[in-house]
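**Q** Copying in the features that TrEMBL gives for the protein in this structure:
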- Asp248: active site, 4-aspartylphosphate intermediate (ACT_SITE)
- Asp248, Thr250, Asp686, Asp690: Mg(2+) binding site (BINDING)
- Asp248, Thr250, Glu365, Phe412, Lys435, Arg469, Thr550, Gly551, Asp552, Arg660, Lys666, Asn689, Asp690: ATP binding site (BINDING)
- 124-146: transmembrane segment (TRANSMEM)
- 180-202: transmembrane segment (TRANSMEM)
Amino acid sequence: MEEHQSWRCNKETMNLDGETNLKIKQALEVTLDLKEDIKFREVRQTIKCEDPNANLYSFVGSMEWKGQQYPLSPHQLLLRDSKLRNTDYIYGAVIFTGHDTKVMQNATDPPSKRSTIEKKMDKIIYILMSSLLMIALLGSVFFGIWTKEDIRDGKLKRWYLRPDASTIFYDPKRAALASFFHLLTALMLYSYFIPISLYISIEMVKLLQALFINQDIEMYHEESDKPTHARTSNLNEELGMVDTILSDETGTLTCNMMEFIKCSIAGTAYGQGVTEVERAMAVRKGFRLDDDIENGGHKDNKIDDSPHVNGFNFKDPRIMDGNWIHEPNRDMIRDFFRLLAICHTCIAEKDENGKISYEAESPDEAAFVIAARELGFEFYKRSLTTIIIREWDPSQNVVEKRKYELLNILEFSSSRKRMSVIVKEPEGRILLLSKGADSVMFKRLARNGRKFEEDTRRHINEYSDSGLRTLVLAYRVLDDKEYKEFNEKLNAAKTSVSADRDEKIEQAADSIETDLILLGATAVEDKLQKGVPECIDKLAQAGIKIWVLTGDKMETAINIGFACSLLRQGMTQIIITLEQPDIIALEKNGDKLTIAKASKQRVMDQIEVGIKQIPPSTHVSTESFALIIDGKSLTYALEDDVKLKFLDLAIKCASVICCRSSPKQKALVTRLVKQVTHKVTLAIGDGANDVGMLQEADIGVGISGAEGMQVIF
């Protein structure tokens with residue numbers, strides 16, 4: 001469904017990707033005057049688009065309007081199964097219907113899950129049924145033979161059965177028919193040989209167990225008013241036989257509620273908060289941290305009575321309350337928070353009291369705009385072409401509105417690992433504002449924009465060690481000629497209906513996202529769920545192996561592993577990674593075949609070293625070892641000729657962490673563990689990206705959290 005309404009609307013895609021955050025959908029500018037039914041009488045348009053496919057995040061098409069071609073993107077596509085929000089109505093044209101829609105293209109039949117007891121009972125019933133048939137058949141054959149020989153020389157051998165008076169059952173002249181009816185009689189008489197009542201008894205017990213699970217007050221979440229819901233009752237007894245637990249991290253072990261806690265601006269680290277990971281690290285080293293100890297080593301004795309703001313846990317008197325104006329790099333601090341307030345896709349909503357709240361596509365973005373607001377740079381309003389910021393000037397103690405003309409949004413993608421916006425300041429300058437992962441942003445800095453690179457890198461490493469998620473912020477000033485050339489190139493790429501349209505758009509974005517000036521880095525914390533460390537500790541004591549499959553980078557995953565007791569002091573970490581200098585150099589210069597061959601060999605070598613590192617089980621407990629593997633290595637570890645060795649190493653370890661793993665890899669790892677070990681596996685997740693893993697496992701447990709619940713139990 002392509003929508004053409006006043007200018008933009010919002011949609012909720014929980015049923016598609018498990019995310020509750022609202023997404024922005026907007027009409028083409030040329031259709032903004034179509035606001036009434038009567039105006040559609042003379043509308044003549046031709047829409048050309050790609051063939052139906054399963055990709056939820058891309059759409060290639062164009063619309064011919066008054067002789068001009070206009071590109072269509074996912075921003076103009078309202079997918080089936082999504083919900084329209086904050087908009088009364090839209091006008092649109094139907095593009096795909098029925099099985100051609102993207103949600104139907106993605107649809108798969110959920111697998112049927114049956115418990116081990118049921119499977120064993122089936123085998124027993126098959127044996128009993130075969131025995132019953134054998135006994136009945138054998139008896140019927142002998143009965144037929146004896147009936148046929150009942151009359152010999154005119155005398156009745158079994159006179160007491162009166163075969164001479166029988167019409168069917170004992171008639172020697174029709175022995176075969178008598179034998180058949182005897183078979184039916186025998187099957188009915190011997191049917192008690194099969195304990196059908198056992199099935200009924202077990203099903204009644206399972207149903208009662210499911211009711212008890214649903215009514216368990218210990219698993220009731222009072223804040224959201226959600227009790228446990230057992231989607232099926234035939235897996236109850238499997239819960240007591242679980243050997244391996246495979247869990248997602250974000251939203252499952254952690255809350256998926258980001259809080260802005262630290263930042264690095266112009267090479268200076270700001271933020272005095274202490275994370276849960278830092279506390280766990282301090283305990284491991286034998287000392288305790290005090291929350292009010294600042295990075296510089298002194299204490300801030302001022303008692304903070306201000307109410308807690310969701311998404312904001314930043315404390316630093318050098319920046320807060322307008323004190324940033326006294327810092328030596330105050331212009332960079334101002335630009336840093338302006339960037340946070342402008343470079344995003346959030347929606348600002350005003351309630352009856354005039355208070356501004358935000359709807360964001362990700363918790364990270366919400367934390368950024370909230371942090372900017374709390375520090376005096378409030379994102380106030382946006383339209384199709386403008387962004388309005390309310391900025392507090394501490395020197396004059398006034399709030400002024402700054403209106404930025406929004407020229408382009410270069411969206412975030414997993415391949416780009418960054419997003420940028422191009423805006424025109426009220427003063428007339430054209431700015432490119434960009435934020436993204438450190439692995440891509442540092443490569444795009446200009447020579448004169450690397451002044452604080454070394455300090456910022458050090459701070460990012462410290463933040464990662466503290467279990468924080470980091471992003472690098474940078475900007476550049478564009479001249480009119482340069483922007484005009486880029487805009488023409490971008491529009492030409494968007495108008496293209498060819499298969500490489502996305503690649504052309506990415507190339508256009510790459511050409512402008514260069515020569516950036518570094519501002520700093522942000523650090524947000526994803527807090528642990530309540531009771532997670534204690535729960536994991538109890539599971540480990542019970543001898544249950546725990547695998548964590550996460551998309552986080554290795555450093556963050558390791559530190560969160562320590563914080564939630566998945567990794568413990570004294571454990572030997574076996575790390576398998578391809579982030580090594582020779583492999584990185586090969587990736588830059590080598591061809592794909594050479595890279596793949598060298599990477600696979602490196603992974604196999606590391607697995608072999610890991611296996612040799614673990615002595616036989618008679619000498620040492622597997623509790624002493626933890627396996628950590630990254631997504632690149634996992635790709636090769638799951639290949640047919642390597643996966644058995646990888647699993648052999650993994651099952652010898654008490655904990656396994658798979659970092660940077662994709663949804664497909666999560667499902668493949670789960671399938672490998674289940675099929676090779678033949679032991680009961682339990683998967684836990686909270687988002688649509690975990691569904692494959694939950695379906696593959698013997699038992700799937702869905703956490704009803706910030707990303708909704710689309711799971712199998």
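Cβ coordinates are placed from backbone N, Cα and C, and glycine is handled just like the others.
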**Q** Relative to the Cα of Asp552 (ATP binding site), which of the recorded positions Asp248, Thr250, Asp686, Asp690 has the closest Cα?
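**A** So, of the listed recorded positions, the one sitting closest to Asp552 (ATP binding site) is Thr250.
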**Q** Might you list, by sequence position, any residue in that chain lying six or more from Thr550 (ATP binding site) with a Cβ less than 8 Å away from its Cβ?
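**A** Asp248, Glu249, Thr250, Ala557, Ile657, Cys658, Cys659, Arg660, Ser661 - these are the non-local Cβ neighbours of Thr550 (ATP binding site), listed in sequence order.
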**Q** About how far apart, in whole Å, are the alpha carbons (Cα) of Glu365 (ATP binding site) and Asp686 (Mg(2+) binding site)?
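**A** Rounded to the nearest whole number, the Cα-Cα distance is 20 Å.
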**Q** Least buried of the binding-site residues Asp552, Asp686, going by other Cβ atoms within 10 Å?
**A** Asp552
**Q** Which has the fewest other Cβ atoms within 10 Å: Asp248, Glu365, Asp690, the recorded positions listed?
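**A** Candidates: the recorded positions Asp248, Glu365, Asp690. Fewest Cβ atoms within 10 Å: Glu365.
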**Q** Quick one: pull the CA-CA distance for Asp686 (Mg(2+) binding site) versus Lys666 (ATP binding site), whole Å only.
**A** 13
**Q** Compute the C-alpha separation of Lys435 (ATP binding site) from Asp690 (Mg(2+) binding site), stating it in Å without decimals.
**A** 27
**Q** Please give me the CB contact count at 10 A for Thr250 (Mg(2+) binding site), counting all chains in the structure.
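**A** Taking all protein chains shown, Thr250 (Mg(2+) binding site) has 24 Cβ neighbours within 10 Å.
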**Q** Around Lys435 (ATP binding site), how many other CB atoms lie within 10 A of its CB?
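**A** A 10 Å sphere around the Cβ of Lys435 (ATP binding site) contains 25 other Cβ atoms.
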**Q** List the Cα distance (Å, whole number) between Asp690 (Mg(2+) binding site) and Lys666 (ATP binding site).
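**A** Here the two Cα atoms lie 7 Å apart.
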**Q** Would you mind checking how many other C-beta atoms are within 10 angstroms of the C-beta on Lys666 (ATP binding site)?
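**A** Lys666 (ATP binding site): 27 neighbouring Cβ atoms within 10 Å.
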